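Chemist: Here Swiss-Prot flags 1-23 as signal peptide. Taken from Swiss-Prot, the feature Zn(2+) binding site applies to HIS40, GLU193, supported by similarity to another entry. Residues or ranges marked as disulfide bond in Swiss-Prot (evidence: similarity to another entry): CYS73-CYS184, CYS201-CYS209.
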Amino acid sequence: MASGFLLCPVLLAVFFMSPVEVGAFPLYSLFTNAVIRAQHLHQLAADIYKDFERTYVPEEQRQSSKSSPSAICYSESIPAPTGKDEAQQRSDVELLRFSLALIQSWISPLQTLSRVFSNSLVFGTSDRIFEKLQDLERGIVTLTREIDEGSPRIAAFLTLTYEKFDTNLRNDDALMKNYGLLACFKKDMHKVETYLKVMKCRRFVESNCTL
């Protein structure tokens, strides 16, 4: 009974929309779902990074790894915006393509993530990330088709990907490699979240629109 009352405002909103607004309503839902998924994925990436850091990485190694050349992420090798101000200067299609590039660069590495941490504190988090990443990928592909006349063109940089996580957690080099990968994953998911929020905010005026 309660669910029926909850649907009424939505149905009334669609009923009183102009034809253009009715066409935009599904697009609003697509953006909303994508933003929610990106926020959740970014939070999961941050949680697993913190858990890994706390469990495996001494304080002195944390500082040295952040200044290491190996800490440079793939997203920094392509012309992707670094923050919301730069993102606002790009078109929606560009931001969607950058988002898709970043997501697809993690598809292969994240297939092994749960095996790497199968006996650790972060297993419960890592086991869900791959599935959620695929969900977000599908959502962004759908958005791109809606906005870019149904035929998204794949840029050359989409073929690049990160290395896979190392399963040998007793090796210092392997630990630091995984630590660097998790840092990049967190950074890249934050960028995807920012891009999607920028697009949604400038397409749909909302009182709670924050970046």
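Each Cβ is built from the backbone N, Cα and C atoms, and glycine gets one as well.
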Chemist: Which one is it: of the recorded positions HIS40, GLU193, CYS201, whose Cα lies the shortest distance from the Cα of CYS73 (disulfide bond)?
Modeler: GLU193
Chemist: Express the distance between the Cα positions of HIS40 (Zn(2+) binding site) and CYS201 (disulfide bond) as a whole number of Å.
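Modeler: Between the alpha carbons of HIS40 (Zn(2+) binding site) and CYS201 (disulfide bond) there are 18 Å.
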Chemist: Between CYS184 (disulfide bond) and GLU193 (Zn(2+) binding site), find the distance joining the two CA atoms and give it rounded to the nearest Å.
Modeler: 14
Chemist: DSSP three-state call for GLU193 (Zn(2+) binding site): helix, strand or coil?
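Modeler: For GLU193 (Zn(2+) binding site) - judged by DSSP and reduced to three states - the answer is helix.
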Chemist: Cα-Cα separation of GLU193 (Zn(2+) binding site) and CYS201 (disulfide bond), in Å?
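Modeler: It is 12 Å, counting Cα to Cα.
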Chemist: Would you count the other C-beta atoms found within 10 angstroms of the C-beta of GLU193 (Zn(2+) binding site) for me?
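Modeler: A count of 24.
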Chemist: Of all the disulfide-bonded residues given, CYS184, CYS201, which residue's CB has the most CB neighbours within 10 A?
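Modeler: By the 10 Å Cβ neighbour count, CYS184 comes out on top.
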